[in-house]
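Feature list (source: TrEMBL):
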type     : residues : note
TRANSMEM : 20-37    : transmembrane segment
TRANSMEM : 49-69    : transmembrane segment
TRANSMEM : 81-98    : transmembrane segment
TRANSMEM : 110-130  : transmembrane segment
TRANSMEM : 142-161  : transmembrane segment
TRANSMEM : 182-201  : transmembrane segment
TRANSMEM : 213-231  : transmembrane segment
TRANSMEM : 243-274  : transmembrane segment
TRANSMEM : 280-303  : transmembrane segment
Amino acid sequence: CSDACLSSPFCRQFPGCGNIVTFSQFLFIAVEGFIFETNFGRKKPAIPIRYYFTMVAMFFTVSVVNNYALNLNIAMPLHMIFRSGSLIASMALGIIILKKRYSVSKYTSIALVSVGIFTCTFMSAKQVASDSGLNEEDGLQVFLWWLLGIAALTFALLMSARMGIFQETLYKQFGKHSKEALFYNHALPLPGFLLLAPNIYHHAVLFSQSEPFQVPVIGLTLPIMWFYLLMNVITQYVCIRGVFILTTECTSLTVTLVVTLRKFVSLIFSILYFHNPFTAWHWLGTAFVFMGTLMYTEVWNSLGPFLARWRKRPKEE
């Protein structure tokens with residue numbers, strides 16, 4: 001849920017600060033879950049802890065790889081669009097691992113998403129390769145780093161899909177425990193951040209040296225980057241809790257649709273507010289991605305009966 005609209009202030013000023021942002025999010029959610037979900041560790045998990053360790057290893061890997069991809073000349077809008085291709089990865093792994101079969105409309109939607117991602121990726125490659133501020137040797141080096149970033153995003157996409165399938169099998173076996181999974185997915189990876197401690201400390205120092213900012217209403221003055229981080233942590237928590245609540249209260253169709261619309265709004269906000277380069281081809285690719293995603297969720301079929309009832313209403317009255 002940590003989208004570009006919230007992460008861009010960090011990435012624009014400190015491109016390598018993704019680790020401190022992710023660590024802060026994990027720490028906040030873990031502390032909240034330890035207090036309110038596990039009752040200070042007194043409540044035993046419903047799902048055996050060994051399964052959570054496997055899930056956490058996947059979750060931690062995906063988070064770190066996605067963060068480092070931003071250091072490899074990957075533009076934030078492309079990063080968001082690429083991650084929107086999770087449907088492709090999930091379908092592919094579902095066919096391979098779970099032996100699932102899908103309807104023609106599902107395959108069509110995946111084709112649309114694939115074309116959209118390919119279009120945006122190809123146009124971003126042209127932008128990187130044609131950077132006029134670099135000589136030929138430096139331009140090639142930047143382009144190769146960009147290719148490595150695309151490889152990192154692809155790996156994270158597949159790993160994330162595999163984690164989703166793993167979660168699906170666990171929930172079928174042990175039942176759905178969303179709040180518990182939220183806590184363990186964020187608490188167990190915390191020791192892994194010790195490997196990133198130098199990077200986290202370095203950016204904590206940089207954050208402390210940023211310009212002072214007076215928080216509205218309360219009047220507290222603190223470095224502006226710490227204020228950005230605080231806002232990011234709060235919105236990230238609200239986002240994740242909202243998604244987990246949706247998974248228990250609504251159908252998967254509703255959850256997918258809401259998350260898709262949120263991604264679209266975040267993307268538009270990121271482009272307009274942070275002036276990210278976006279050509280007509282990028283817009284076309286974005287349209288394909290979200291049209292394909294909506295088709296995959298079969299939202300058109302859900303809206304059909306509603307529109308039919310709405311059209312009949314005046315006649316009945």
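Note that Cβ sites are derived from N, Cα and C of the backbone, with glycine treated the same way.
Keep in mind it's a predicted model, so treat the numbers as computed, not measured.
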Fill in: Stretch among 20-37, 49-69, 142-161, 182-201 sharing the most Cβ pairs under 8 Å with the transmembrane segment (213-231)
20-37
Worksheet entry | Same-chain residue ranges lying at least 6 outside the transmembrane segment (49-69) that approach it to Cβ under 8 Å | 18-19, 21-22, 79, 83, 149, 152-153, 155-156, 159-160, 162-163, 166-167, 170, 181, 184-185, 188-189, 192, 196
